[in-house]
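This report refers to the structure that appears directly beneath it.
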Amino acid sequence: MEFEKLLRLMVEKGGSDLFITAGVPPSMKVNGRVMPVTKTPLSPEQTRETVLGVMNEQQRRDFAENHECNFAISARGIGRFRVSAFYQRNLVGMVLRRIETNIPTLEELKLPEILKKLALTKRGLVIFVGATGTGKSTSLAAMIGYRNKNSTGHIISIEDPIEYIHQHQGCIVTQREVGLDTDSFEVALKNTLRQAPDVIMIGEVRSRETMDHAVAFAETGHLCLATLHANNANQALERIIHFFPADRHGQVWMDLSLNLKAIVAQQLVPTPDGKGRRAVIEVLLNTPLAADLIRKGEVHELKPLMKRSTEQGMQTFDQALYQLYTQGEITYEDALAHADSANDLRLMIKLGSESDADHLSSLTQGLSLEITDDDPAGRRFR
């Protein structure tokens, strides 16, 4: 199949990634699942020809020298793609990631309403966490899009790579890509405050220096949005503190208690029909009580606080999974498979079912059954 047809098929099917590797057919990832798009495996020669064919001369020289090359390509009438070319077992391969220009909305993603409030907040640090491929970048793009439509100001993003292209709407949106527009996150962040930002988005916090910048931006009155690899809010705080030496831990806990706005953790769970995935969201808000626990480093006390603070907009993964299961959005098996505590969620579902049954029983007490002529089934409540 021609390479351009592969790209077009990827877009039509809603694929996120296209894999070109010798020995297997061209494959794409759709809704988190990798599937072949042809039956014929690619030969080493076909793979090499395809990979080198999307590069310019400079990129070919860089690839020959470094055995790695990252760049973007545009296909007219199809879209833009981020390319990562590499060698594996002395053979050439590449993965293409589709760069989205259609930013999904918070409503389309069915994300909690509290994210709208967080998107418009004036200052503070909001951290999205989750494993690779859990939709952090998509949710963050939706928040940026909401801010862009409903506010004014200057939004600066530093990403590696840029995954969504934002158009200027209410805000001016400056998007800088590491490796193309700047040498590193650290270099870009050092100069960001000179560019009069209102919102700063850091594609990924990978180091102590980047974390220092994120906290400093919040301290100086900016809204800083960032992503971090962690499974839930508690793990995110533990990961942050371990960026720093022990003699700084007390100060870091204090800084987080004063400047953290929220930690939003995310998973993706398949829908019952297998045709899509639903975001499952955990939300920790830095309320006065949460700030006090963070300042003391009592991370283990945050989960119980989240459980009893749903009216303020907080929720745990297990509470979110319970809601999605009761709404028929996910299956029982998938809910348990993604739970922080399968036993707790199982009990929550059991108690919820018993509560519903008790409520129905109380409603029907004292009612009598009467068969009427227009009720052939004989089961109308009077």
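Even glycines carry a Cβ here, placed using N, Cα and C.
What Swiss-Prot records for this protein:
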BINDING   Gly133, Thr134, Gly135, Lys136, Ser137, Thr138  ATP binding site
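Listed in sequence order, Glu163, Tyr164, Gly203, Thr227 are the same-chain residues at least 6 apart in sequence whose CB falls under 8 Å from the CB of Ser137 (ATP binding site). Close to the recorded ATP site, the chain also has Gly130, Ser139, Gln266, Leu268: residues not among Gly133, Thr134, Gly135, Lys136, Ser137, Thr138 whose Cβ is within 8 Å of the site's Cβ mean position. Look at Ser137 (ATP binding site): DSSP puts it in a helix. Neighbour density for Gly133 (ATP binding site): within 10 A of its CB lie 12 other CB atoms from the protein chains shown. In this view, Gly135 (ATP binding site) is surrounded by 23 other Cβ atoms within 10 Å of its Cβ, with every protein chain counted.
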